[in-house]
Structures are given as structure tokens and as C-alpha cells.
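Take a look at the structure set out below.
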Amino acid sequence: MLRATLKRLVTIVPTLIGVVVVTFLLTRVLPGDPAAYFAGPTADAASIEQIRKSLGLDQSLPQQFLRYLGDLARGDLGNALSTGQPVLKEIASRLPASAELTLSALALSILIAVPLGILAAVKEGSWIDHLCRVVTTAGVSLPVFFTGVLFVCIFYYRLGWAPAPVGRLDLYSVAPPHVTGFFLIDSLLAGDFDTFRATVAQLILPASTMALFALAPIARMTRASMLSVLSSEFIRTARASGLNSRTVILRYAFRNAMLPVVTTLGMVFSFLLGANVLVEKVFAWPGIGSFAVEALIQSDYAPVQGFVLAMALLYVALNLMIDLAYGVIDPRVRLEA
Amino acid sequence: MNRRDFLSAASTLTAGGLLATAAPRLAHALSRDETLALISENGPNNLDIHGVGTNRAGYEAAWNCYDRLVTYGIKTLPDGSRGYDKDVIAPELAERWEADAKGVTFFLRKDATFHDGTPVTAADVKWSFDRAVSVGGFPTVQMAAGSLLKPEQFSVVDDHTFRVAFARPDALTIPDLAVIVPAVFNSALVKKHATEKDPWGLAYTKNNPAGGGAYRVARWTPGTEVVYERFDAWKSGPLPQLKRVIWRTIPSSGNRRALVERSDCDVSFDLPAKDFAEMKREGLVKVASNPISNGMWSLEMNVTKPPFDNLKVRQAIAWVVPYQKIMDVVMYGEANPMFGAASNTPDDLVWPRPTAYRTDVEKAKGLLAEAGFADGFSTALSFDVSQGAIGEPIAVLMQESLGQIGIKASIEKIPGANWRGQMAKKSMPFMINFFSGWLDYPEYFFFWAYHGQNAVFNTMAYKNPALDKEVDAARAAAASGDAATYEAAIKTMIAIAYEEVPRIPLFQPYLNVAMQKSVGGYAYWFHRQLDYRTMGKVVT
């Protein structure tokens, strides 16, 4: 297994080289002049030129690329002009915020979608199957920014049940001491239950928004995969042998149906990271998606490059983990295959 | 790890996640009475006004964390609101000053200290001013606007006496010392963090205000939050009421409105005009509303690009603009109209002032025919996407109106990042734009936006020696105190600009700020950001 993992790791290298080259070129081709943007309201041509120089934008493309590679080797991803901080620091502080939100949403949707999918498959054609169909159709057809705004309007503005959508913590709470960057974990480590509660309260609406969106593919895949397994011969044998239906469904059918569900989870996770951008905007979540979009609008190259690089690394790691999980879930799957 | 272990571990983890901890509810909030909770669309990207690309939110941080030698007074405006008084220069770090023909001497208060306790001396002022005129970019340009050009102009007389020598007679020199840029830095502290590559310590002051202002930054999470604490040893004015200011970034404008309406924040900034108009009607919260001084939205035509070189074409367009519709549909009345006056020749010195144009399609058609474009022409109308909430509806209304006289205008959306570059290149033939000057004088506006020096804001590339003569005369007369010449020059300058109309004024927008009724002491400032020092909360 170690050899297989290493072999798999080697295939990552060309991908990463490709990502570095493409992001560099892509951000240079985009329209916009950051020097003019950051020269300020009363700048003249001379001061714009001065800023262009300090940003290294006056050099030729190959020179800029070499400079970029050199910085990259030293772990220097440049400065984000929009917040004025080093990109590496920004990504390090924002990635946990996005990950906490995405993982909460994913957990929430798994908790609902998997049982829903199983029940829909077991009781095919019943009311629960129809419910599953309605929920999944609603989930895919309602865009996240719409559900986000709707939730804020109903649960915060009209009913006042949810706390104000002001980010990871309400205005008067203080972030827990930094350990993992996940406020849920850090607050528990610090034994600060008030902050934990405040974090959960702030998470509920955005996580539900994203969970609704993620429900559909997971529930549909669970249902389809369960249906095909339930109609296979070993299940018929199990039933014929007189095993109770609970054992048949959960132990034999579901475990065999998990493989496509795990693949879908991986896809949904990467999908959610993308959908984050809009949810982060609506809920003032200081995540990585809104940061990258902001940078793109301002033609701020460094954060965009850093973001794409971080995302590429994340996807590669995710795919690796899913590949490895396959082997563990189903012994028939081998990485070499 | 085998398959069974993995599966059981996975289910244990899921079960663990379900065990939500029921935490006891404790009073966790900081005292709210002396805390101001403020929300806006963007937070600062740099806490130093001298930094590269410091944004408008950064101006607010710099304004409250640093002192300047002098500031502007505050007056009650005719409508009962409060605003800065451009005609009153008030003491801040300087207790008093004496101006003569060659310069001005400032006497610093002797008890003022920086946040770290170091006394403020004339050497700090000298170093700070040297920095402002030397770092380049925006601060240097702003200093130059007041003829503050080189370090040799600044000298230390003794520890608490500082002198500025005039480079040339300029009425704007002292007013320019009261803007944000000539802030006084703790020179010893910044020098400690300066490097050979960064002699002015910009990297340090970007994250660490090194001043002695009424507030200091307790915590800054870029892009998310700034928390200020009052500097209790502040001497340059009466001790502010607010002990703490929490400033959170909320990107969604709908939420910024919801938060203030549900009393979850004290002050809400940057809302669309429509929301402010509705909030004023509903009266749930207080809305402070002031016309932005020395600023206006206008349509600008590049006179080097035919057919805009033709005066009659420009006037035809000025007669076809749907002015009132723009006021109603785009601004919801949250602006002063800049059209429909009796004449283009001013009878007083009020600025900004309306032009004599109004919507008259027949007149526009006639002028266009006289210009030889009876069948119209095609052009491209540009606006800045980052200001799209205002620019886009104006563009659409203009497109429709221009169609009535046969002009086919396509709409060009220029990304915010590109806008300044396009302005500098003067490549756009026709655009919708906003300009305002910090220093509230008409000749200052004209110097940047109309003068033949062709600054970036003269997007029309308009060069008219007759107009330049009047602008220069007005500046000279202001410096020498010749009121009669000044008045004549200003009036002629405005008359020429409005008759030649390379720039068609549309409206002067309001700066609106929504706040709880318990919040008091707000004043409008030229920099259009908040001054926390005068603000406070009435505990009910």
C-alpha cells in the first residue's frame, strides 16, 4: 500500500507544474492594471509608474515568472493588496474558516441524505421516495445565494431566531486562541463553551444553506446505488437465508453501496468549496472563496495564484484520500488497476 | 487499517459529531454602552495613509489613530446636521501657529505623547512630513496639492516648535495640513523597524499604527474586523466617550441594512441610495445625510475624439440627458440636482452648482443637425463596474435618450481595476464618472478636473488656455487674498466650463450613514469616513 501511495504521489508533480504555469499566465492575460488601481485617487502617471515598479510589473513576462518561481520556492506567495497581508498568511487563516463551514455542511447533508436515500430505495415508490425526489429537486434547483438570502430574511430578519449574519462569531465575541483555526475545535480545547455555542449559532444558517445544495447528489446517488445492490443476487440469498431486513440493508446492502457514494462525496466536497464563494458573501464569512473573488475583481494577481495553487493541492490530496479509501472500503479495488 | 476498522471508525466519528455540547449560557458580551459596533462593505487594507494603495477604509483607521498638527472645526449645517467647517482651522497637536509671508510656525502642545508613551516632538513632525513628500504615490501628490513639495521646507526650531516654509504663495497650504496625509508618526518607533529597502518603515506601519491619536488598534483581522481601544492619555482634544469601536466587514448590502434595522449594530455604512430613501421614510433608524462636498457625478466626453471635439455635439448631448429621471430612478432623490439653473453664468460662489441644461429633445436634435450629425453617430459609453449600482442604470437611461436623437451608444463595462488605467490613458470617448476633491474649493476641483495640466481626472483631455488662465488667476488671488479678482475668476471659469460642456454635471450625491437613534455626535467629514472621537451613545 505504501508503494502504491508513493506511486500515486509521483503523478501529482506534473499536475502541480501545470497549475503553476497556467495560473501565472492566466492572471497576466486578465484585463486590469493593478498599479493604476492602487496608486490612489489623485495619482498621476509618474506615481502609477513608481507603483508598477515596486510591484515588479514593469519586467518582461519570463522575468516575472522566474521571480514568481523563486518566491514560491521560499514559500513566499506575495502580498494580497486588498488586505495588505502575505498571501500565505491569508490562506492559512481563511482556509480553516471555509473548511469548517464546508465540513459542517457536508456532515449535515450526509446525516440527512444518506438515511433518506436508503429509505427511498428500500421503500421505492412510497411517500418517502417522493419526499426524497422533492427534496433533491428543490436542492439542485435553488441556487445557494438565493437560499442563503431567503434563510437570512426569514430566520434572522423576520423571525429573529438566527443570530446576525456577521461572520464566524457575533460582534461582541472574541475568537478562541488559535490552535487548529477551526473555532468549534479551538473553543472546546480552550474549554470555552460560550464561544463554542456562539460558533454553532453562527454556523447553522450558512451550513444549512450549503447542506440543502449538497443533499441532492448524495441522496440520489445513495438511492440509485442501493437500488442496484438490493436487486443483486447476494441480497436475495441473504433474505432467503432468513436474515432480518435491518441486517440485510445496513450490513450487506449499504456497505456494498458505499463506493459510489464516497466518490460522490468527494465531488460534492470540491463542489461545495466552489459554492462557498456566494454563501461566504451572504454570511460575511471570512473564507477563502470570497477572498479569491475579491482579488480577481481587483486584478490582484498574487492571491489568485495562491488560491488556485492551494485549491489544486487540496484537490490532489482529496483525490488521493478517496483513492485510498476505495481500497479500504472494497478490497477488490486496487490502485494499480 | 483494514476495511472493518475503517468502517467502524467512520461510524464512531459520525456519532461523536452528533453529541452536541449543551453549554451554559453566560454573559459573555463586552460592555455595549461604551462600545460602538460599526459595519461597512470593506475594511482597511493598510493602517497607514502613506502606504501603497491604502483604501478608503484605511483612511478611517489613519484618521482616528494619528493626530495632525491642525484639523478642521465642526459646524452645524442649515439642516441641523453636523459637518466639518472648511473655513475654521482648529488646533490638534499644535496649540497655536503664526503665519508670515514666508511660512508658518507651529507651537506643539507639550504634554502630548504617542501610544507607547514617547513624547511628541517637532523632530517627529519633521520626519513625518519628510516621509509624506518622499514616499511617492498618493501622499506625495496630496502634499503637493498644498505646495508642500520637499523636505527642505520643514524645519525643527526647538523640541516643540516646528516651521513650514512656503514653496510659493498658496491659500491651500494650511488647509492641506488638516487632511489625513500629514499625520504625525512616532519616528523613533518606525525608524527601529525601517530597513535599507524600506527606509520609511512602510511595512511596519501597514499593520501597526505608530501614532498618538485618540484610538489605537487593539486587534485587526484583515478583511474581517478592526477593534479599536481609546487611548486614555490623549491630549489633543476632549477625551472621546467611546471606549471601544468594533468595525466588522459585511459584504452583502441587504445584511448591512437588516443589521441596523434589527439593532444588531450601531452604525451601518455604504448602503445603496434606494435603501437609504426607504429607511428615511420608515424612520426606524436615524439616517445622517450630507451632500458630498466638492463632488459630482457627470458625463464626460473626450474632446480629442471626434465628434466630441464639436461643441454643438457636446451641447446637444447636454440637452438630451434625462436628468430628472436619473435623480428619481437611480438616486431615489438622494442627491442635489446639477441641472436646470437659470443661466450657466454664476451669480454667486456656491459650488458645486447646477448648469442651465435640462431635458429638451427638440433643442438637442436642432444642435446635432447644426453640427452636421442629423442622422446621429455611434459611440461607446463607459462606466466603472465597481460603481455599477449608480453607473449602470445611468448608462441604460442615457442609451435610451441618446437613441431619441439618433446617437447609437454601446455600453462598455470597465472592471474597477481597469478604470483608473483607462482614465489615465484617456482612451474612453464617453463615460459616466464621479470626482470629488478633499479640499472644498472650486479652483481645486477645476485644477484637477478641467485644467490643461491634464491630470488623470481631466478625462475629457480638455485644454483651453482661456479656462486655465482663470483657474491660475483664482489660485493666485486666493493666495494673495484678493477677493474681487478671485470672485471674478471663479465665475468666468465656471461659465466657460459649463458653456463648453466637456463634462456634463448630473448630480451631487449625498453621503448617507444609518445609525441607531441612540448614537450621537456624528459629523460629516471631507474624507467621507467616520470620526469616532466626537461620537457617543446615549444610554437609555
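These residue numbers are counts, starting from 1, taken along the chain as shown.
Cβ coordinates are placed from backbone N, Cα and C, and glycine is handled just like the others.
The domain 'ABC transporter type 1 GsiC-like N-terminal' annotation in TrEMBL covers A:1-76. Positions annotated as domain 'ABC transmembrane type-1' by TrEMBL: A:113-334. For A:9-30, A:103-122, A:134-157, A:200-219, A:257-279, A:307-329, the entry in TrEMBL reads transmembrane segment.
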Worksheet item: Given pairs 6 or more apart, does the transmembrane segment (A:200-219) have at least three Cβ pairs under 8 Å with the transmembrane segment (A:9-30)?
Response: no
Item to complete: Sort out the residues at least 6 away from either end of the transmembrane segment (A:257-279), same chain, that have Cβ-Cβ distances under 8 Å to it, and list them.
Response: 98, 101-102, 105-106, 109-110, 114, 143-145, 148, 206, 209-210, 213-214, 217-218, 221-222, 224-226, 228-229, 285, 287-290, 292-293, 311, 314-315, 318-319, 322, 325-326, 329-330, 333
Fill in: Other parts of the chain folded back onto the transmembrane segment (A:134-157), taken as Cβ under 8 Å at six or more residues beyond its ends
116, 163-165, 205-206, 208-210, 212-217, 219-220, 275, 278-279, 281-283
Discussion item. I need to check the long-range neighbours of the transmembrane segment (A:307-329): which residues 6 or more away from its ends have a CB within less than 8 Å of a CB in the stretch?
Written reply: 1, 4-5, 8-9, 12, 15-16, 19-20, 23, 77, 91, 95, 255, 258-259, 262-263, 265-266, 269-270, 273, 288, 291-292, 295, 335
Worksheet, complete the sentence: Rounded mean pLDDT within the domain 'ABC transporter type 1 GsiC-like N-terminal' (A:1-76) lands at 75
